[in-house]
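Peer 1: Handing you a structure now.
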Amino acid sequence: MATQADLMELDMAMEPDRKAAVSHWQQQSYLDSGIHSGATTTAPSLSGKGNPEEEDVDTSQVLYEWEQGFSQSFTQEQVADIDGQYAMTRAQRVRAAMFPETLDEGMQIPSTQFDAAHPTNVQRLAEPSQMLKHAVVNLINYQDDAELATRAIPELTKLLNDEDQVVVNKAAVMVHQLSKKEASRHAIMRSPQMVSAIVRTMQNTNDVETARCTAGTLHNLSHHREGLLAIFKSGGIPALVKMLGSPVDSVLFYAITTLHNLLLHQEGAKMAVRLAGGLQKMVALLNKTNVKFLAITTDCLQILAYGNQESKLIILASGGPQALVNIMRTYTYEKLLWTTSRVLKVLSVCSSNKPAIVEAGGMQALGLHLTDPSQRLVQNCLWTLRNLSDAATKQEGMEGLLGTLVQLLGSDDINVVTCAAGILSNLTCNNYKNKMMVCQVGGIEALVRTVLRAGDREDITEPAICALRHLTSRHQEAEMAQNAVRLHYGLPVVVKLLHPPSHWPLIKATVGLIRNLALCPANHAPLREQGAIPRLVQLLVRAHQDTQRRTSMGGTQQQFVEGVRMEEIVEGCTGALHILARDVHNRIVIRGLNTIPLFVQLLYSPIENIQRVAAGVLCELAQDKEAAEAIEAEGATAPLTELLHSRNEGVATYAAAVLFRMSEDKPQDYKKRLSVELTSSLFRTEPMAWNETADLGLDIGAQGEPLGYRQDDPSYRSFHSGGYGQDALGMDPMMEHEMGGHHPGADYPVDGLPDLGHAQDLMDGLPPGDSNQLAWFDTDL
């Protein structure tokens, strides 16, 4: 029966795959019962095969390999010899698999493994046994380490307090080695005396190696909450802050990483670091060149500065903004750039740090990373740029940044588009060069497309409309920009934004843009066809009613609705209608909406700028005889005559022009008396020539302030939390705005006017047909 024994041994050695047996049975069209193959018995499928999970077996490959294994023939003597070898070495094979350390060196054991990809049963069983053995060994070692540390800690504590520095050094080295093992590390952190001794030794030693070992020990302890608490209670934070002045890099690394762990996870650590002067030390370390060290240091600064104004001011006083900007300009390590941008983002909402960052070149340095593959870095840079942008309207060398921002308007990321639009809005405000640059790189088309894509997302549409408003006034490319908005199909969506659900800040911005677009005669008809005029009148009436209602209730403060004063809406809508009224067809529409009584009433406004725009629109309407008669019929003569004495030359000139146009059908004697009155009023300071009055600010002045961001917001300020214009709409930078000015009386005497001797000169003194250089809707003074 030797042959049978041989085959049994070979069968044990080969360990044929169960799938091979299953496949063999299925080749004979039998169902596998599981007895021969060992396969799990399952109900036969409809196909007549066995386990459905094994239907993908390549039986031909299995049978081919099986046949290959027996391609060599053996004699009975050879089989008996092989059987004997396997029988004698079976115990060694098991021992080699499960307890390899017990074998004699050099012992040769025949393997039963024919295929290296398929381990034998013994090898498979050995894996869990090895894991169990290692677990037992680790447990024994852990217990040994813990017992050793527990016995050694009291003695080591005494040695750390020894007067002999050599002894202290040896003890510090030993404690450092113990802290590398988990069991002894826990024993150390549970001994307050030991932790205090480590802190004291680190703080007082002059030996570099002792400082390195003690700092390394605290670093190892700081990976556990229990260790962090022990360090904190032992006064470790002041000692670690002191070590930030060490000239040894390894000590610096241990100190900053330990402090970083404390700041992240230990309550009270932030205040302790601040009190120990940690901020000043950390800022001083920003001139190091190790990027990973700098990344940890800047992250510590961010943790300390976030939500703490005093920390932000300390960083400023220590020269932090310049150092942080230098990092952004110098390095390429993504994590360092990200942590540094986070610090700058926190500092950028501080009114003191903001100009310092801008002056250090922060705008340009942050702009270098707007095309980085790291989205978290790009987003932080954009947030920071947006916070800084209202303080950077006078910065030079912004061409690259502006071009990148225009490109980012096409991003699919809503946050990126929102930030890019807000930054462009601020940087184009009252900055001639920036306006030119944005127009030259396709900014008008990009902004119009952004508004079209944004739909009702006002956090995008409002800054985009503000940017368009800035770009359509007061620079050489303004007329091109006014045309470009129309050519890129922007007029319909702009007029649509005057309607619900737009909120007042967006409406205010849109009114200003329409006013600037109306400076281009080619836009008059399209704006009229889109229904801009009736909507402007509706908004004007509503805002005026709100102001009148408040006044009748005894209110003295200007009313804010969603951060916008209703007086701003009154002034803005009237100013837009003033420019639109330059077109004869628009004048007919405006007059047909019964607006003249309201415009006359606005002449009595205590706000000088509202007086000016009201007189301006009446001046345009009075070109038509019917309108001039209607203006006179509404009793406009008295307030207009009073406004002749206004300190604002623009108001006085418009009032004079309306009075003159109203007098065209009057007797010659009346005209002469009016002429003398106008001359004495308008030239009361000096006999200025009429052809010079176009520079007196007859058109509407500039408006508002930059799109700022709340200092109490760590990331960014909503456009709706106060609006982009913080001053009264239309405030002229060259004049003081007297909110409580005179109120013209309704019964101001008009008789006894002298001869009107300067009629033609008066008409020459009106604003030019294109007052593009005087456009007012350009925020941020």
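Cβ from N, Cα, C; glycine included.
What Swiss-Prot records for Ala2 is N-acetylalanine, and it gives a large-scale study or a structure entry as the kind of evidence. Annotated O-linked glycosylation site per Swiss-Prot: Ser23, in sequence order, evidence recorded as experimental evidence. Marked as phosphoserine by Swiss-Prot: Ser23, Ser29, Ser33, Ser37, Ser45, Ser191, Ser246, Ser552, Ser675. Taken from Swiss-Prot, the feature N6-acetyllysine applies to Lys49, supported by experimental evidence. Swiss-Prot lists 151-191 with the feature repeat 'ARM 1'. The region 'Interaction with BCL9' feature in Swiss-Prot is assigned to 156-178; the stated evidence is experimental evidence. Marked as repeat 'ARM 2' by Swiss-Prot: 193-234. What Swiss-Prot records for 235-276 is repeat 'ARM 3'. Per Swiss-Prot, the feature repeat 'ARM 4' maps to 277-318. Sequence annotations record features per position, and here Swiss-Prot assigns repeat 'ARM 5' to 319-360. Feature annotation from Swiss-Prot assigns repeat 'ARM 6' to 361-389. Summarising the annotation, Swiss-Prot assigns repeat 'ARM 7' to 400-441. The repeat 'ARM 8' annotation in Swiss-Prot covers 442-484. Sequence annotations record features per position, and here Swiss-Prot assigns repeat 'ARM 9' to 489-530. According to Swiss-Prot, the repeat 'ARM 10' annotation covers 531-571. Feature annotation from Swiss-Prot assigns (Microbial infection) Phosphothreonine to Thr556. What Swiss-Prot lists as repeat 'ARM 11' is 594-636. Under the heading S-nitrosocysteine, Swiss-Prot lists Cys619, citing similarity to another entry as support. Look at Swiss-Prot and you will find 637-666 tagged as repeat 'ARM 12'.
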Peer 1: My understanding is the cutoff is Cβ-Cβ under 8 Å with a sequence separation of 6 or more in the same chain; which residues meet that for Ser191 (phosphoserine)?
Peer 2: Ile153, Thr157
Peer 1: Neighbour count, 10 Å Cβ-Cβ cut-off, for the residue listed as 'S-nitrosocysteine': what number do you get?
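Peer 2: Taking all protein chains shown, the residue listed as 'S-nitrosocysteine' has 25 Cβ neighbours within 10 Å.
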Peer 1: Residue list, the repeat 'ARM 6' (361-389) vs rest of chain: Cβ under 8 Å, 6 or more residues beyond ends.
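Peer 2: Cβ under 8 Å, 6 or more out: 321, 325, 328-329, 334, 337-338, 341-342, 344-345, 348-349, 354, 395, 397-398, 400-401, 404-405, 408, 413, 415-416, 419-420, 422-423, 425-427, 706-707, 709, 715-717.
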Peer 1: For Ser552 (phosphoserine), just count the other CB atoms lying within 10 A of its CB, please.
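Peer 2: Result for Ser552 (phosphoserine): 8 other Cβ atoms within 10 Å.
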Peer 1: Which residues does Ser246 (phosphoserine) neighbour through Cβ under 8 Å, counting only same-chain ones at least six apart?
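Peer 2: Non-local contacts for Ser246 (phosphoserine): Ala211, Leu252, Ala255.
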Peer 1: List the Cα distance (Å, whole number) between Ser552 (phosphoserine) and Cys619 (S-nitrosocysteine).
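Peer 2: Taking the Cα atoms only, Ser552 (phosphoserine) lies 29 Å from Cys619 (S-nitrosocysteine).
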Peer 1: Looking at the repeat 'ARM 5' (319-360) alone, can you tell me the average pLDDT?
Peer 2: 98
Peer 1: Which residues of the same chain, at least 6 past either end of the repeat 'ARM 3' (235-276), have a Cβ under 8 Å from a Cβ in it?
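Peer 2: Same-chain contacts beyond the ends: 195-196, 199-200, 202-203, 208, 211-212, 215-216, 218-219, 222-223, 225, 228-229, 282, 285, 290, 293, 296-297, 299-300, 303-304, 308, 310-311, 314.
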Peer 1: Please report the three-state DSSP label of Cys619 (S-nitrosocysteine).
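Peer 2: Reduced to three states, the DSSP call for Cys619 (S-nitrosocysteine) is helix.
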Peer 1: Look up Ser191 (phosphoserine) in the DSSP assignment and reduce it to helix, strand or coil.
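Peer 2: Where Ser191 (phosphoserine) sits, the three-state DSSP reduction gives coil.
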Peer 1: Kindly assign Ser246 (phosphoserine) to one of the three DSSP-derived states: helix, strand or coil.
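Peer 2: Assignment for Ser246 (phosphoserine) reads coil.
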